[in-house]
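The active site, schiff-base intermediate with substrate annotation in Swiss-Prot covers Ser25. The annotation pyruvic acid (Ser) is assigned in Swiss-Prot to Ser25 on the grounds of sequence analysis. Sequence annotations record features per position, and here Swiss-Prot assigns substrate binding site to Thr57, Gly73, Ala74, Ala75 based on sequence analysis. Residues or ranges marked as active site, proton donor by Swiss-Prot on the basis of sequence analysis: Tyr58.
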Amino acid sequence: MYRTMMAGKLHRATVTEANLNYVGSITIDEDLLDAVGMLANEKVQIVNNNNGARLETYIIPGKRGSGVICLNGAAARLVQEGDKVIIISYQMMSDQEAKSHQPKVAVLDDQNKIEQMLGQEPAHTIL
């Protein structure tokens with residue numbers, strides 16, 4: 001049996017832009033993608049901490065070191081600049097792989113710089 005497991009997460013990313021007239025997707029700083037193992041065109045889930053909205057889209061790599069987190073197309077209707085979002089990628093794996101799998105979690109500061117890297121979900125609240 002295969003399970004869908006969290007592979008990577010950008011926790012508390014700050015939306016830097018919402019571009020309604022761009023072809024759909026999310027643009028993410030390529031340094032952040034590398035840190036959590038996400039790839040261009042990969043499907044991701046986005047959770048908006050400000051309004052509870054959840055959506056799925058795909059990744060477009062953004063300029064390295066820019067801190068860009070830009071929701072494009074229709075997704076721009078579900079966020080505002082400054083909103084805090086969680087961006088999650090998933091991976092299918094066997095039960096055996098899942099037992100030892102360690103997702104990569106990056107906790108971001110207000111400028112979308114990595115504040116902390118976690119090997120798994122913390123058992124405490126991160127503000």
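Yeah, the Cβs are placed from backbone N, Cα and C, and that goes for glycine too.
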Among Ala74, Ala75, which are binding-site residues, the residue with the most C-beta atoms within 10 angstroms of its C-beta: Ala75
Other CB atoms within 10 A, centred on Ser25 (active site, schiff-base intermediate with substrate): 19
Extra residues within 8 Å (Cβ to Cβ centroid of Thr57, Gly73, Ala74, Ala75), substrate: Gly24, Ser25, Ile26, Leu55, Leu71, Asn72, Ala76, Arg77, Leu78
Rounded to the nearest Å - Cα separation of Thr57 (substrate binding site) and the residue listed as 'active site, schiff-base intermediate with substrate': 5
Integer Å distance between the CA atoms belonging to Ser25 (active site, schiff-base intermediate with substrate) and Ala75 (substrate binding site): 8
Other C-beta atoms that fall within 10 angstroms of the C-beta of Tyr58 (active site, proton donor): 13
Inter-residue Cα distance where the pair is the residue listed as 'active site, proton donor' and Ala74 (substrate binding site), in Å: 13
